[in-house]
Amino acid sequence: MILSKNIKKKGLNFMKIKEIKEKIKIGIDKIGFAMPKYFLDIRDLALGRNENENKFVKGLMQSEMSISTVTEDIVSLGASAAAQILDEEDKKNIDMVIVGTESGVDQSKASAVFIHHLLNIQPFARCIEIKEACYGATAALSFAKNYIEKNNDASVLVIASDIARYGIDTPGESTQGAGSVAMLIKKDPAIAVINDENVCQTRDIMDFWRPNYSDFPYVDGHFSTKQYLDCLTTTFEEYKKRYSQSLDDFDAFCFHLPFPKLGLKAINSILEKNIEKEIKNDFLEKFHTSIIYGKRVGNIYTGSLYLSLLSLLENCVNLNGGDKIGMYSYGSGAVCEFFNLTLAEGFKNHLRCDRLNDFENRKQLSMEEYENMFFEKIVLDEEGNCDFSNNKFIQESDNSFVLAKIENHKRVYKKLNE
Ligand code: HMG
């Protein structure tokens, strides 16, 4: 029915009809999330920095920040997120592992290679790392989709893994975080189909960047928020024009969330002025379910859009199979993309409904503990060794993998709970 309407409208020829009929659906089949065991209450940060707590709680809409330890990095968190979702069959079918990150552990070797080994994925796979600030994982999804279009029975593991550290007493400090989202991409996915319609935009700007010699990013904070919002409105306008779509075509939106208040500004900027109150409230209600996890984790750079998707799908009671989710990905520098997903029938059966317990089971840090833990530097001896085996963070970790030691400058990871 929909097919014949489209064919009439667009006057498609026979070959095109055949192509549409045969086009396979590709998308997210499984999704997992790993975060560190520790968090800082944002009100403690405000107190410690002589700020009014409402600046962070209301002004940024942030509540907590995930704090990683020296025994965690994007490899251990990424492998832990993936370990939650993969079974032995998946590991035999994964042809490619792509990690989107801007907190890589090596300038040469891809983190995906470590993760491929830790997860015991079949050997004839390709493993790479993709970088463009917070946009990396979205580029990885697109790469994965293109690959599966040509290799229909393959699966691709896409991992978005980052640790966002701005430094002590900086304007960005209240927007830090750490965590990884892992997604298994394949045909006929159980959670959501990644549709073809998308628009990207690139602007050569210096809103946020981290030179190789610096542990922390340089940020033009207010300029970055303006660029994020302007890229959204201009890209969404172009998207609507190119695909003859409007707000009516969407059931919910997810945004890259450097802090949740920017997401609220983002949704308000695309809801038309004359929109019916009921429809506006429905979009806003769904938006608020999409920030539940982000509010408690902070910015996880390239994973933050996908954490917002996970939050929406696991917490919204108002979504059904067939619903369309508008997705806005933004990476400083800057590259953005607006694309969309269609939810699969029964998607809820493939998600967790008890994830909030994981947040409750974390340990709260004092300001002093936070400063010591999050900014602890690895100190190597003359031979390039450092051993964390007896580190209490390893004993306390709930994740599947940790960084156990560095031996002769080589990172060595350990599987826990074996
Ligand atoms: P700031 O300049 O210290 O804060 O840091 P502010 O003065 O702009 O205040 C923040 C908000 O709190 C404002 O709300 C204030 O009014 C409000 P707004 O007017 O914008 O709606 N406020 C209060 N509200 C209630 N009670 C109070 C109170 N006081 C103030 N008492 C800034 C803000 C975002 C600049 C800073 O956090 C920062 O630099 N963050 C890092 C950069 C960032 O997150 N940029 C976002 C866009 S770029 C992006 O998303 C890419 C990124 O993820 C990186 C990548 O791609 O890799 C960052």
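Note that Cβ sites are derived from N, Cα and C of the backbone, with glycine treated the same way.
Heads up, TrEMBL stuff is auto-annotated, nobody curated it.
Site annotation (TrEMBL, ligand (3S)-3-hydroxy-3-methylglutaryl-CoA) includes LYS265, ASN299; from TYR147, TYR166, TYR370, TYR413, the additional listed residue is TYR166.
With helix defined as DSSP H, G or I and strand as E or B, the domain 'Hydroxymethylglutaryl-coenzyme A synthase C-terminal' (269-414) counts 59 helix, 33 strand, 54 coil. Neighbour density around each Cβ, counted as other Cβ atoms within 10 Å, peaks among the recorded positions HIS256, LYS265 at HIS256. The Cβ of ASN299 ((3S)-3-hydroxy-3-methylglutaryl-CoA binding site) has 29 other Cβ atoms within 10 Å, all protein chains considered.
With respect to CYS134 (active site, acyl-thioester intermediate), the closest of these recorded positions in Cα terms is GLU102, chosen from GLU102, TYR166, ASN299. Neighbour counts of Cβ atoms within 10 Å were compared for the recorded positions GLU102, CYS134, TYR166, and the top value is held by CYS134. Closest to HIS256 (active site, proton donor/acceptor) by Cα-Cα distance, out of the recorded positions GLU102, LYS265, ASN299, is ASN299. Maximum intra-site Cα distance, (3S)-3-hydroxy-3-methylglutaryl-CoA binding residues TYR166, LYS265, ASN299: 23 Å.
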